[in-house]
Amino acid sequence: MAKKKATFICQECGYQSPKYLGRCPNCSAWSSFVEEVEVKEVKNARVSLAGEKSRPVKLKDVDNISYHRTQTDMSEFNRVLGGGVVPGSLILIGGDPGIGKSTLLLQVSTQLANKGTVLYVSGEESAEQIKLRSERLGDIDNEFYLYAETNMQAIRTEIENIKPDFLIIDSIQTIMSPDITGVQGSVSQVREVTAELMQLAKTNNIATFIVGHVTKEGTLAGPRMLEHMVDTVLYFEGERHHTFRILRAVKNRFGSTNEIGIFEMQSGGLVEVLNPSQVFLEERLDGATGSAVVVTMEGSRPILAEVQSLVTPTVFGNARRTTTGLDFNRVSLIMAVLEKRCGLLLQNQDAYLKSAGGVKLDEPAIDLAVAVAIASSYKEKPTSPQEAFLGEIGLTGEIRRVTRIEQRINEAAKLGFTKVYAPKNALQGIDIPQGIEVVGVTTVGQVLKAVFS
């Protein structure tokens, strides 16, 4: 016998309450509670992911199955997934509206259709609209099926009929299950539809991609458990006024996290950027003050990026500090060290810092480049265009070691840099390539004296 239970659920964070609340005690959102009646079947349970019947087995007796990853024609996309698409995996892709999530998945789908059957389910566009959008992407294989539907029961039926190898859901907020009360995109609908898709993906070995909307704070909309249910969480990000897009993995059960893939939006769709370091530095001005280059690591990939700074006397009572692509607290810490340990009077100076090209820099190794960029703008002295900077800055002004120092130096040498300032205690036992000088430093003051003297 079915039991009905009425619950009020916050549509912003998924907090549940037995009664209506004007303000959510969890996320402080106003007027976000919606009543949802969930019908629970007492006797029947969800089918096990292993099949109709599942029994405990010893770990040593489990067959060691080596999954064959399916490669797309985009090496950047394969890199983020950990080497390709794993059969039966559930992949969630989020991003701002208009950033190119549907375009990315449509391109990936056309490539996967050459290696298996693809079912593309859209709840936001008709089949004719998707066909019109796909014409600029090139030829499409016959094993590419379009299905404009929002009913989960109908989608399940077509999955059982077509038996696809790859399934794309665009988007999860538009799909609804008739067994669950609540409107499309509600917390209960998103949770139950995702659970059903997970069961279909695991039992039928279907690699499933799910598009998810994001909130105004930039996080994935819907219940937080959505990210826990899936195997991989990808964020597709970038400035809407820039052509570059970054695909970032924040969770991956089948590969490394913090890997990124870089794409450029063009008239024919997304084009992968195979040498992002050269792209990010090609517009750098020689002789400009307030600029420094750092070799940052994005997963296993070294990328050269430019840190820009503009330091100018303030006209306000309190100096302004603005950052784009850099952590505000990290910049404030570095400016305090420069003022205390290096004698730079920055308390009456406005400071504006950004990472050129729209890439986000958040690892400790960027500290030294940020400090040099600030000092360059403050002193009105440019850095050499062939110099790069590596190192974390401590509160006493010391330069601390960073990871993968040899890989970073090799990347700088590959792009023609002739000098790299790096932590002295991190240079022992590494092979330095020819044509580049590595200067071991111990304090920020030592670096500023060497660069600007």
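Quick reminder: no glycine exception, Cβ is built from N, Cα and C everywhere.
Swiss-Prot assigns the feature motif 'RadA KNRFG motif' to one of the listed ranges (131-135, 216-220, 251-255), namely 251-255. Feature zinc finger, per Swiss-Prot, maps to range 10-27 of the set 10-27, 28-45, 226-243, 406-423.
The most densely surrounded of the binding-site residues GLY95, PRO97, GLY98, GLY100 is GLY95 (count of other Cβ atoms within 10 A of its Cβ). Within 8 Å of the centroid defined by the CB atoms of GLY95, ASP96, PRO97, GLY98, ILE99, GLY100, LYS101, SER102, the record's ATP site, lie the Cβ atoms of PHE236, excluding the listed residues themselves. Broken down by DSSP into helix, strand and coil, the zinc finger (10-27) contains 0 helix, 4 strand, 14 coil. In the three-state DSSP classification, GLY95 (ATP binding site) falls within a strand. Helix, strand and coil counts from DSSP across the region 'Lon-protease-like' (350-453) read 41 helix, 26 strand, 37 coil.
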